[in-house]
Amino acid sequence: MEANSGASDRISRIAGHLRPQREDDVCLKRSDCRAKGGVSGFKVAILGAAGGIGQPLAMLMKMNPLVSLLHLYDVVNTPGVTSDISHMDTGAVVRGFLGQQQLEDALIGMDLVIIPAGVPRKPGMTRDDLFNINAGIVKTLCEAIAKCCPKAIVNVISNPVNSTVPIAAEVFKRAGTYDPKRLLGVTMLDVVRANTFVAEVLGVDPRDVDVPVVGGHAGITILPLLSQIKPPCSFTPKEIEYLTGRIQNGGPEVVEAKAGAGSATLSMAYAAVKFADACLHALRGDAGIIECAYVASQVTELPFFASKVRLGRVGVEEILPLGPLNDYERESLEKAKKELAASIEKGISFIRK
């Protein structure tokens, strides 16, 4: 009888993460668990981990050797995702958190918080529909971040990024925790697409291409600076028009290809992990980490703008200038700024109203 009791106790301890429980009901207390995971590294939380972006994002972050502890939070289905990913034989320890009542527990002590939470734009849904839902979600999550891990680097993926990053900034300002260096909108997917599409035109490996993409993260606010491509290359006006249009419309291209069954989830997860990995290397102290991101900026007259930034231990260490633009890029930039300004104001007004 004692042997059976011991076996049951061991099974209960091992399976403790499979379903959400109150701390006083759990056989294995949080204080008994490994504090930083199986390896030395950083503590990362994904808010919206059970969604279309969140699941592949969580899987890829579990594979990152710089992550020691991975917290997965969502309002539904977190136990299943946590159980599945926790079976991967990589160093990071995975813990799941389900529902609003466990949000703060998911955030305490985190070094990096990634926010893919929200709904994707679906056929028939207007931008206002998308904004009204996701704005409230981002507001709630950022209020908890301000309370539980105000020093964390925050990567915002939830669309519309042009508005949700200003929303996050206003929430942090109200809480007295705002540090513009630590708040970054993830525009890496635009860079990834630009590298891929340019490589297709040139007939080269996309890993050998680097295209800076500035402005914002929607439609004409996405401005690839093809004149600054590395390695240096010139394009015909027809090629510039084709590449710019395809990069700006990469999202709708995927939505159309999926025939209403989803949006760009896998490529977004890949891009988000690529950017998160850059942030973690910078937190570790690696030098020369430069990526494009949507941040509080003085590059233009707008309060937020996507451009190349140098990352460091505190987040954004330096915002790099735009560099020389050709006539096409200057004209496109002026168009982008008008739309971007309206999106920024919409986000700020959502909090201040």
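Note: Cβ is positioned from N, Cα and C throughout, glycine not excepted.
The following features are taken from Swiss-Prot:
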- H217: active site, proton acceptor (ACT_SITE)
- G48, A49, A50, G51, G52, I53, G54, D74, N134, I157, S158, N159, M268: NAD(+) binding site (BINDING)
- R121, R127, N159, R193: substrate binding site (BINDING)
- 1-33: transit peptide (TRANSIT)
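Cα separation, A50 (NAD(+) binding site) to N159 (substrate binding site), rounded: 17 Å. Put plainly, the binding-site residues N134, S158, N159 were compared by Cβ crowding within 10 Å, and the winner is S158. Cα to Cα, G52 (NAD(+) binding site) and N159 (substrate binding site) are separated by 13 Å. Here the candidates are the recorded positions R121, R193, H217. The one whose C-alpha lies nearest to that of G48 (NAD(+) binding site) is R121.
Comparing C-alpha positions, R193 (substrate binding site) sits nearest to M268 among the recorded positions N134, H217, M268. Of all the binding-site residues listed here (G48, G52, G54), it is G52 whose C-beta has the fewest other C-beta atoms within 10 angstroms. Look at the recorded positions R121, R193, H217 and count other Cβ atoms within 10 Å of each Cβ; R121 has the fewest. A straight line from the CA of N159 (substrate binding site) to the CA of N134 (NAD(+) binding site) spans 7 Å. Within 10 Å of the Cβ of A50 (NAD(+) binding site) there are 22 other Cβ atoms, across all protein chains. Cα separation, S158 (NAD(+) binding site) to R121 (substrate binding site), rounded: 11 Å. In the three-state DSSP scheme, G52 (NAD(+) binding site) is classed as coil. Cα of M268 (NAD(+) binding site) to Cα of H217 (active site, proton acceptor): a distance of 12 Å.
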